[in-house]
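Asker: So TrEMBL says this about it:
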type: DOMAIN; residues: 4-62; note: domain 'Chlorhexidine efflux transporter'
type: TRANSMEM; residues: 7-29; note: transmembrane segment
type: TRANSMEM; residues: 35-54; note: transmembrane segment
type: DOMAIN; residues: 69-130; note: domain 'Chlorhexidine efflux transporter'
type: TRANSMEM; residues: 75-99; note: transmembrane segment
type: TRANSMEM; residues: 105-126; note: transmembrane segment
Amino acid sequence: MQGKERVFQAITFELLAMALIVPTSALMMKQEASDMLVVSIGLSLFAMLWNYIYNVWFDKIVGPNRIERTLLIRIMHALCFEGGMLLVTIPLVSWYLSLSLIDTLILEAGVLIFILIYTAVFNWLYDIYQPYQKWFANFAQ
């Protein structure tokens, strides 16, 4: 996967995740939707940067053949990615939303469960359908 496709994949991943998470988390946490949107945008920007860096690193270690990755490798990929995200997001979200670390952990746990499943499914489907290659390959020629 080349640089432009990695950027496309990261943006697609984040936009779809935000569309699902912002309204749901605002309702469940009884927070203002605007606050959840600010948190979501900030975390998405960080996640896109982390996604790019992490996946370049992961491909160098595991190899570039994404189609042949096993379920165990995909689970490991998702767990390590989210672990790195949590180290940064918990203190920031706690501060911004004026939540205790425990409340933030509960919020993050709910989001994490969703994102773990979403990450594995999104990347699996992305690898199978390769939308960037199908939609933009003709423009590169």
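Cβ coordinates are placed from backbone N, Cα and C, and glycine is handled just like the others.
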Asker: Where does the mean pLDDT land for the domain 'Chlorhexidine efflux transporter' (4-62)?
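Answerer: Looking only at the domain 'Chlorhexidine efflux transporter' (4-62), pLDDT averages out to 90.
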Asker: Residues of the same chain, at least six outside the transmembrane segment (75-99), with any C-beta under 8 angstroms of its C-beta?
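Answerer: Non-local partners: 29, 31, 35, 38-39, 42-43, 46-47, 50-51, 54, 58, 62, 69, 105, 107-108, 112, 115-116, 119-120, 123.
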